[in-house]
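Colleague: If you scroll down you'll find the structure; I have some questions about it.
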C-alpha cells in the first residue's frame, strides 16, 4: 500500500512539472495579451483589454479565422470521403497493398514542408493544372498532410473491430456488402474515425510552413495573419495566439464530447 | 437418409505456390455431424471457408442438395457459420444480433421477434435479450453466435473451432449443448477442431486431415480402434508407434509385412510378481524397466523401457493397481492380437 501511494505521489509531481513546463509559455502569452505595462516587474503593472479589442475590431482577424476554418473543414471532409472507403477496401479486400500504403503514408513525414511547398509551387504554377496560390493547391496539400493520421486511424479502427470477420458473418447471414458495411462496420469504427478526424483538423489548423509558402500572399488564413502581425505588436500577436488557442480548445472539446457520445451509444 | 446431402468433389486450393487443399472429396448425409480434425495448418478451416464461399476455390465442385454452390456468393449459399472469435456485431444487442439475418432477408418484425424468442430459449439466454455482446461471457457470446446462424435456418451449419477460445469447463458443457441442439434440429453440421477429445465426443463421423488431404474418415470408434497410418495413430491417442525392428523385438516374427505398427497404451498389462506366465495364455511376456510414472487422474501413465523399446502404458487408477517405483523392473504382457499394422503415409 505504501509503495503504491509513493508511486502515485511521484507520478503526480512529474505530471505537475510537465504541466508547468507546457503551460508556462501559454500563460505568459496570455498575460502579455492583457498587459499594459510590463517592463521591470515579475507580473504586469497594469492591465488592459485594448489588444483583444483591437483584434476583434480588425475585420481581417475574423476573416482569417473563418478562412482557416472552412479550408480545414473542406480538406478534412474530403479526406474522410476518399479515405474511408479506400482504407476499407484495402484493409479488407486487398491486404497485399498494405505494405505499399504504409510506405506511401509516411512520405509526408519524410519530405520537409519547405521542400514540399517549393515542389508543389513549381509543379502547379504552369502546365495543365495551374492552381498555384489558390485554395485548391492548399486543400490538395492539406489532404496529403493528414493522410497518415486518417489512414492509420481508420485502419486501426477496422483492425480493432475485426472488420473482416464481421463482414464475413454479415454476408453469410444474407447481407449485401454495402448493407453490411453500413450496418455493422460503420457504426463500430465511427468512434475511432471521429478521433482521427479531430486530430487531423487540429494538425491542419496549426500548420504554418506549407500554408504560408503556398498561399501566404493570396489567402489570409489565421496562421498567415498571426505571422504578419507578430512584427507589428507583441501584445496584439499574443492576443491572437491566445484566441487561436481558445478556439482550437473549444473545437476539440466539442468534437471529443461528440465522439464520446457516439461511443456511448455503441457500448 | 443415406444419399449424400453435401458433396465435395476434388476441392483444390493454393495459397501462392503451396497447395492447402489437395483434391479433397467428402460427402455428408443430411442431419449428420462430421468433424474435420487435424493439426493447425492442415487445411481444415480453409475447407470450411471454401464451403461458406469466403475463400475462392481453385478447382472442384461443392453440391448442396441439387445446387452447385461454386459460383454463388456467400449470402445465397444458405450456409450458417460460427467463428472461433464469435464475430458478434458489437453495436447490436443480443436480440438484434440474432434477428440480423432475418432482417436482411426482409422477414417482418413480428415474425423476426417470434423466431428470436425461440432461439433465445434454445440457447438458454432469455434473460440477456437487450444485452450488448461485450457484456456477455465467452460461452454466452458463442451461444448467441450459434443462435444467430441458426436463425436463418441454414441447410448446413459450419462451426470453425467454436470452443477453442473458451476455458475447459465451459468448453465441455457447450460441446454437449451444441450436440443436443444439432440432434434436435437434425442440422447437417461440419465441426472443425484440433482437439481429438472434442471430435471423439460429439461426432457421427470424423475426417482426419493432414497436409490438405483427408487421411482417414470413419466413426469415432473405428478411428480410435483402427488407425490406418502413423499420423492417425499419433493424432488419435497416445498410441505406441513401433518400427518393424522394434515390433519384432517385442512380439517376435510373424507379425505381418507392414513397415510400422501401433499398439494402444491401455492394451499392455503390467504383471505382478505373483502372476505366473501360464495364467495369461496367448500373450508375450517381456521384461522392462520403468522410466517414469505420471498420474493423469483416473489413469496412471508408465513409460517403460522394454527390450530397448520405449513404451507408454496406461493403467486405470482404481486403487488396486500395483505400487511401482521409477527405475524398478517389471514384466509386461503384450497381446499380439492388439498389434495394428500401419500403412505408409500417403498410401
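Every residue gets a Cβ built from N, Cα and C, even glycine.
Heads up, here are the entries from TrEMBL:
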- A:65-255: domain 'ABC transmembrane type-1' (DOMAIN)
- A:68-94: transmembrane segment (TRANSMEM)
- A:106-125: transmembrane segment (TRANSMEM)
- A:131-151: transmembrane segment (TRANSMEM)
- A:180-205: transmembrane segment (TRANSMEM)
- A:236-258: transmembrane segment (TRANSMEM)
Colleague: For the transmembrane segment (A:236-258), name the stretch out of A:68-94, A:106-125, A:131-151, A:180-205 with the most CB-CB pairs under 8 Å.
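Modeller: Most contacts with the transmembrane segment (A:236-258): A:180-205.
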Colleague: Would you kindly list the residues that approach the transmembrane segment (A:131-151) from elsewhere in its chain, counting only those six or more residues past its ends and only Cβ-Cβ distances under 8 Å?
Modeller: 71-72, 74-76, 78-80, 82-83, 87, 101, 104-109, 116-117, 120-121, 124-125, 196-197, 199-200, 203-204, 207, 210-211, 214-215, 217-219
Colleague: The transmembrane segment (A:180-205): which same-chain residues, six or more beyond its ends, come within Cβ distance under 8 Å?
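Modeller: Residues packing against the transmembrane segment (A:180-205) from afar: 68, 71-73, 75-76, 79-80, 84, 88, 142, 145-146, 149-150, 152-154, 156-158, 160-161, 163, 166-167, 169-171, 222, 248, 251-252, 255-256, 258-259, 262-263, 266.
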